[in-house]
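Single-structure report; data block below.
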């Protein structure tokens, strides 16, 4: 059989949500939305992305505060936190893991609410206001029970934030733009680890016994207060979704919707295409969601050292102030690696390969820490450990790409995978007991095994998605009628694409057989 020929159609009017009919076809890259006279398509698209990137950049600060309020307990541990609250045995590990229980509980409902109300500019900052308040209240606790309750509700309040951010980014950017954008807005991970350690160092060093309060209590008061202040500002800066963001012009809104349509998002994420409950059913019934979730659980277990990073740095033998200062450089290095890997991943469309490189470097770091107590070698290993977060960010870009077509399903899938994946945090809180220190060889060995399992599982998914792409391509070549195809023309799972393969772009237009056959 001769392969069917494909050809472009003349430029057509860009779709909007008010269009009465939607259909599939191929459009030219330089098609210009109706009403645009003075700007080419490329000029308008660059202006749109600059405007959007500038607004989205505040998420970097929001995410940094999210993690600072979540992990400040590890900094407080260096300045009398356990002694003042009379913690012993596994009680500190429980205060870490209980946050993950609340985090797991609220992630899926949080993204369902976000998809239903369609106002991330309000919902995400409101979550910040709540967790900032809880962070302040954490500083007033006087017992083990009090801090456990506070940490549980902190997890509930923080849960909708990260999956909500990933979903928001996926609603605005094309599939080959998502990984880098998620890395950029999520670089708050590195900012929080670096700046959070420096801030904690200053507070713990200078605020002891101020107004009769321990320095670690001031750490919760000050960082929670900063979160509340920034949350109020974020309400006026964050975007909503392409079809309901108020500060876009009509031309920018049409282009934002059209870009997603061209990239294979299901008819530009049309409003009303799929209800939240339908998305929940589709996500739960898709085995790929569960596979990603369990693989993510092993990945997060392998990254559990992040909750004990100051403790691991303290094994170098310095005092609390110097230890916190030494925590910052590894995370700065990790941020640089994250930008490089995600940029390369988007440019070359290689998700798994970059993820595997990141995990391999981290495993090498664990082996170094197991093998020696030399200060220089162990400090270098901390740099290699910190960069593993870049693989984690690539992972969520890949997940968003894999479930890109239905927005409701994508929202639930992202939340479900992250929620179930966080069970790795619950387990990971208990694999770093003080009795295994200062070498923590058994802890590192468990992390090596966990990262090995996750790398293997994601490798299996990578091969499976490549197989699906080949199957989709064969179906397109063999189809006599476009209506026989289950997927839009040109849709491919974004795993790896040769530069000489043409990936067609789709928008809603009327389907006819001539688009495949080349007949007029």
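Glycine is treated like the rest: Cβ placed from N, Cα and C.
Checking TrEMBL for transmembrane segment across the ranges 102-121, 122-141, 242-261 points to 122-141. TrEMBL assigns the feature transmembrane segment to residues 443-465, out of the candidate ranges 52-74, 75-97, 443-465. TrEMBL lists transmembrane segment at one of the ranges 16-36, 268-288, 289-309, namely 289-309.
Computed over the domain 'Major facilitator superfamily (MFS) profile' (55-467), the whole-number mean pLDDT of the model equals 85.
Panel annotation: around the transmembrane segment (216-238), residues 55, 58-59, 61-62, 65, 68-69, 72, 75-76, 79-81, 84, 120-122, 124-126, 128-129, 131-140, 168, 196, 199-200, 203-204, 207, 210 of the same chain, lying at least six beyond its termini, place a Cβ under 8 Å from a Cβ of the stretch. The highest tally of CB pairs under 8 A with the transmembrane segment (182-204), across 122-141, 289-309, 321-342, 354-373, 379-399, is held by 321-342.
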